[in-house]
Amino acid sequence: MFHSIISQCLNSPTVTLSQARQAHATILKLNLFSDTHFTKRLLSLYSNNLCFPETNHILHSLPQPTLFTFSSVIHSFARSNLYHHVLQIFSHLGSRDLVPDGYLLPSAIKACASLQALKPGRQVHGFVLVSGYGLDSVVMSSLIHMYLKCDQIGDAHKLFDRMPDRDVVVWSAMIAGYSRRGLVDKAKELFSEMRDEGVEPNLVSWNGMVAGFNSNGSYVEAAMLFRMMLSEGFLPEGVTLSCVLPAIGQLEDTVMGAQVHGYVIKQGLKTDKFVVNSLLDMYGKCGCALEMSQVFDEADQTEVCFLNAFLTGLSRNGLVDTAVQVFEQFKDEGMELNVVTWTSMIASCSQNGKDLEALEFFREMQADGVEPNAVTIPSLIPSCGNISALTHGKEIHCFSLRKGFFDDVYVGSALIDMYAKCGRIQLSRRCFDIISAPNLVSWNAIMSGYAMHGRAKETIELFHMTLQSGEKPDRITFTCVLSACAQNGLIEEGWHYFNSMSKEHGVEAKMEHYACMVTLLSRVGKLEEAYSIIKEMSFEPDACIWGALLSSCRVHHNLSLGEVAAEKLFLLEPNNPGNYILLSNIYASKSMWDDVNRIRDVMKSKGMRKNPGYSWIEVGRKVHMLLAGDKSHPQLKEILEKLDELNMKMKKSGYLPKTSFVLQDVEEQDKEEILCGHSEKLAVALGLLNTGPGQPIQVIKNLRICDDCHAAIKFISSLEEREIFVRDTNRFHHFKDGVCSCGDYW
DNA sequence: AGAAACGGAA
């Protein structure tokens, strides 16, 4: 009686899972399990409902399961992408003395591919060979896909070579496999081989090629291939466009960009999310802010990824303020902003001198409940370095450790730079040492750190370690090495590395390298040699080059070359008062007062004032900006009193204020500044007032530190027994016990 | 079989 009830229940087309479970329990209770009709029916009910434990249990308890039973169960789970279960069931075949067939093998292989499970994949491959399906084309192409998914292109290719008839699908897969790994030459080879064998490439084959060139950085080739496929009559799909648009953006090919945009409209691809995003990105990179805004305005305004691309594009085009406005507007309208949106804003700020704003965005995003990720951190850290906000920098370092970003090379490299810019070169070095796989950026960061601290020996040592590590040095590497040489007057080494750049390392000398050499030679007084390098350059020297020559001419009182350099600078930077002041300093040193007055008159007629000097100092968690002559600081009275007191003490110890007649005369308007002192002195005084005895003081300045402040701070460091770090535009000055780490050579 | 938006160094 029970038998027929159970039978009725299980065979009903409307049987539910819970009914099946009840029937199962009854079968077990009545010991009816040997009835294969019931068990098979249960098995199919469980596997169709994807109940893995029950399915597995029944499979195990079947006395003599057939391959068909296994196949149907495996296909049920495979249909629902439950690949772990597929593999688990598949692995029991052997113990039941069953050999998989040409239908079951591809399912198992596909499961391995989807899970990127190489070990089981190889085991299944073994099964294939044993069971005699080694030349089955379906099985072979599944294996090829599996090896490609598992990043074993060599194994894939071995199979591919042995395949008897290869269809366009397997060709395309191999092409994409090579091109995704950047092996575009191999991809190209296969592409033409395929045609030779009479297999015509389809859209997918072309897409793979274009994508490969794009991700490989071969942008010209990517664009060329795109044109070729058009000329062969292919109608690119959205995917193709999102491969070629980034390349067009990199090439800043406005014309081609507009053509593709036209094609997008014609083909009705304006609803494709990827295409629209790539268009925004492309216009942003091409400097077409207007076109980009048009695309954005016409796009779905509720899509946050469009907003993200738009914001990045705006700030890339120097429109950071607009980006902030747009951001605020969408935020107020209740748009759901994600971590990309916030990170993008933080990066825009830190890359555009809005460092305090970057810190504020970081705080705000967390208050808004958006968790910073491993991309957010390295976008923010440069801001701490830029303003020497060591306390903030350390806090963010701790934050990133709490988040578990221990060995992220991006975070690590950003920290190296940040600590170096905050004057803590030892901490910087420690961050470098714990990176398990430093890349060129990490090496460059630590070299630049040592270079800005004037430590040429370590910089050069690290340069050789970079070479040993197998990284190929780039132009930044050489800028670090050469600037270290320049700061230390290492003529011989400087020439050596400069000459080796293109000869041994294939790095062409650019403006910044010539600038280092001009600085190096002219600082030590080899002004003519510096000038002849400038004349030998194959491109027009820029203001940095002439500026380096001019300031050395001032140091070495060389009037004739100084005038040459100044003439060039007046054309290149007509509104930079610094150049006029330097030239007038040279005239003054030669007592040529008529010329001094002439320069002053030119400056007056142009309405030029000296660039405002300002300095930053972090006191506790607050970053103060001090402007020369600015009376707004709440502690100004105390600061001036402190400076007065220091002045008295310093004079007793032998300090002579280095006032220059010229500067005072030129800047009659800036009496206040002279009264209040330079911003770096104000900042040092503020630091002394607000920190405990013996605490180090850290200041940064937007201009080069002046002779007088340099001399004064040396005295202050010994009188007050403080370590004082001053970072100017050029390098670090580490004052301790009355001496500076630069050895007065800067 | 194929795709993209945010990131680090001078």
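Keep in mind that glycine also has a Cβ here, set from the backbone N, Cα and C atoms.
Remember, TrEMBL labels are computer predictions, not curated facts.
Annotation source TrEMBL lists repeat 'PPR' at A:66-100 (among others). Across the repeat 'PPR' (A:66-100), the prediction's mean pLDDT works out to 87.
The feature repeat 'PPR' is assigned by TrEMBL to A:136-166 (among others). The list of residues near the repeat 'PPR' (A:136-166) in space but at least 6 beyond its ends in sequence, with Cβ under 8 angstroms from a Cβ of it, reads 102, 105-106, 109-110, 112-114, 116-118, 121, 124-125, 128, 173-174, 176-178, 181, 183, 197, 199.
For A:167-201 (among others), the entry in TrEMBL reads repeat 'PPR'. Within the chain carrying the repeat 'PPR' (A:167-201), a Cβ under 8 angstroms from the stretch's Cβ atoms is held by residues 141, 144-145, 148, 151, 153, 156-157, 160, 207-209, 211-213, 215-216, 218, 221, all 6 or more beyond its ends.
Residues or ranges marked as repeat 'PPR' in TrEMBL: A:202-236 (among others). Remote same-chain residues near the repeat 'PPR' (A:202-236) are listed as 168-169, 171-172, 175-176, 178-180, 182-184, 187-188, 191, 194, 243-244, 246-248, 250-251, 253, 256, 263, 267 (criterion: CB distance under 8 Å, separation of at least six residues from the stretch ends).
Positions annotated as repeat 'PPR' by TrEMBL: A:303-337 (among others). Listed by sequence, the residues of this chain that lie at least six past the ends of the repeat 'PPR' (A:303-337) yet keep a Cβ under 8 A from its Cβ atoms are 273, 276-277, 280-281, 283-285, 287, 289, 292-293, 296, 344-345, 347-349, 351-352, 354, 357, 368, 370.
The repeat 'PPR' feature in TrEMBL is assigned to A:338-372 (among others). Residues 304-305, 307-308, 311-312, 314-315, 318, 320, 323-324, 327, 379-380, 382-384, 386-387, 389, 392, 396, 399, 403, 623 of the same chain lie 6 or more positions beyond the ends of the repeat 'PPR' (A:338-372) yet place their CB under 8 Å from a CB of it.
Residues 409, 412-414, 416-417, 419-421, 425, 428-429, 432, 479-481, 483-485, 487-488, 490, 493, 497, 505, 507, 727, 731-732, 734, 741-743 of the same chain sit 6 or more residues outside the repeat 'PPR' (A:439-473) yet have a Cβ under 8 Å from a Cβ within it. The repeat 'PPR' feature in TrEMBL is assigned to A:439-473 (among others).
What TrEMBL records for A:474-509 (among others) is repeat 'PPR'. Panel annotation: around the repeat 'PPR' (A:474-509), residues 440, 443-444, 447-448, 450-451, 454-456, 459-460, 463, 466, 516-517, 519-521, 523-524, 526, 731, 742, 745-746 of the same chain, lying at least six beyond its termini, place a Cβ under 8 Å from a Cβ of the stretch.
Annotation comment: TrEMBL describes A:654-746 as domain 'DYW'.
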